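**Q** This structure is in structure tokens; I'll ask about it shortly.
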Amino acid sequence: MASHCVRAAATADATAPGRDRPDTPVGAGTLALASSLVVLFLASANAPSPLYQRYEAAWHASALIGTAAFATYAATVIVGLLWLDRLPERFGRRAVLLACVGGQVIALALFAVAGSFLAIIVGRAVQGLASGAAFGTLSALMIESDEERGPIAGAASPGTGSGIGALLSGLLIQFAPGPTHTVYLVLASVLLAQGVLVLRLLPDTGRRPGPVLSLRPRIAVPPHARAAFLGSAPVVFAVWGLSGFYAALSPALFRTLAPGAAGWQSALPLFTLLGTATVTTVALRRVGGRAVTVAGLFLTLAGLGVTLAALAAGSVGLYLTASSIAGMGYGSGFQGPVRMVTAGASDRDRPALMAAVFVVAYLGLGAAAIVPGALTSEGIALTRVAAGLALVLAILSAAALVAVLRVTRKVGSDAD
């Protein structure tokens, strides 16, 4: 989840005259470190979700607590993508990544000691800013360490992290002591270990004088990538909207369809979606970007259709089948656009270009997760909200299919 996840970015230090690429170690170790950090960041982002019902009961809070927390996270990720992506050129990659890891640990600590809704909101804001500021640098490391496998790892890592976070949280809540503390402490411990690896493995890249922040967002689509971006943006919005649908509604839908199931099992639809997405991303790594994108949209439409059938039939088995099909759509429907947009992009262009991709992604994710929460809080039946959102996403996916076929025809085989 979204998805999610994928970016090919070079540090802004690469934009300095006479530099094509920052001093970055090349190899499997760097790729593994960068992708594992994305996995952990997304796992941490999904860890609080299964606990929102407990928080609501303990604090006598509104059912909108989860919606508000997710809205805070999505908004601050976008802020980080737009306004904090310049930090590596000012302070160096290693320093920024260490700060982002520290921000994630602080957010998890706030969740672990939370005694009110305010602590959750503040933690979500810190988490979102740290994620948004780090994604560009992590994506750059993946691409620079391995230009063939880097984009694949970038596309697979977000879904892997989101799926692990949802399932791990559900299992620890069900079976471990201190359900509102354990999952956060486990993730914080792993992140601290990753911080040590960042300190030891990454060089201290060059720094440039200049303002720390800029009121001008760091987002741009170079002329050669505009056609591919225009064709890909609706796809990214739709498939990340699909992941937002599952993040927001799948636990409650599963409990509705299988009221006697164990609590941790409510994470199965989201885990199935994201696990299937990861497998699909790897399996289709050698297929052309345009073909993968088109296949992803067809699979997304099929998954949404089976979801509607599952809701109508009240079948949990059919719902899990729909999750698998939709996961194949999400995995291929995100990998394809990333490869199309980054094809031929220079190291200099990648940070701002991929910031644009992720802004579209989080807009889709946020809209699909926030709107249902607001509707269900008004008393509209969950299954009706889910069916309505599935129909909207199906329409968006069909429109995206038309757009990608029309626009990428102009780009030609270069996108592949």
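Backbone N, Cα and C define each Cβ position, glycine as well.
Curation does not apply to TrEMBL; its annotations are automatic.
Heads up, here are the entries from TrEMBL:
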TRANSMEM  26-45  transmembrane segment
TRANSMEM  57-84  transmembrane segment
TRANSMEM  96-119  transmembrane segment
TRANSMEM  182-203  transmembrane segment
TRANSMEM  224-249  transmembrane segment
TRANSMEM  261-284  transmembrane segment
TRANSMEM  291-312  transmembrane segment
TRANSMEM  318-341  transmembrane segment
TRANSMEM  353-375  transmembrane segment
TRANSMEM  381-405  transmembrane segment
**Q** Among 26-45, 261-284, 353-375, which stretch has the highest count of C-beta pairs below 8 Å with the transmembrane segment (182-203)?
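**A** It is 26-45, which has the most Cβ pairs under 8 Å.
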**Q** Using Cβ distances below 8 Å and needing 3 or more such pairs, separated by at least 6 in sequence, tell me whether the transmembrane segment (57-84) contacts the transmembrane segment (261-284).
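**A** Contact between the transmembrane segment (57-84) and the transmembrane segment (261-284): absent.
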**Q** Do the transmembrane segment (381-405) and the transmembrane segment (291-312) share at least 3 Cβ pairs closer than 8 Å, excluding pairs fewer than 6 residues apart in sequence?
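**A** Output yes: the transmembrane segment (381-405) sits against the transmembrane segment (291-312).
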**Q** Could you give the residue numbers and ranges of same-chain residues that sit at least 6 residues beyond the transmembrane segment (224-249) on either side and whose C-beta is under 8 angstroms from one of its C-beta atoms?
**A** 1-4, 46, 49, 66-67, 70, 159, 162, 166, 269-270, 273-274, 293, 296-297, 300, 303-304, 323, 326, 329-330, 333-334, 336-337, 340-341, 343-345, 349, 353, 356-357, 360-370, 372-373, 382, 385-386, 389-390, 393, 396-397, 399-400, 403-404, 406-408, 410-411, 415
**Q** As a test: from 26-45, 261-284, 353-375, pick the stretch that has the greatest number of Cβ pairs under 8 Å with the transmembrane segment (318-341).
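**A** By Cβ pairs under 8 Å, 261-284 leads among 26-45, 261-284, 353-375.
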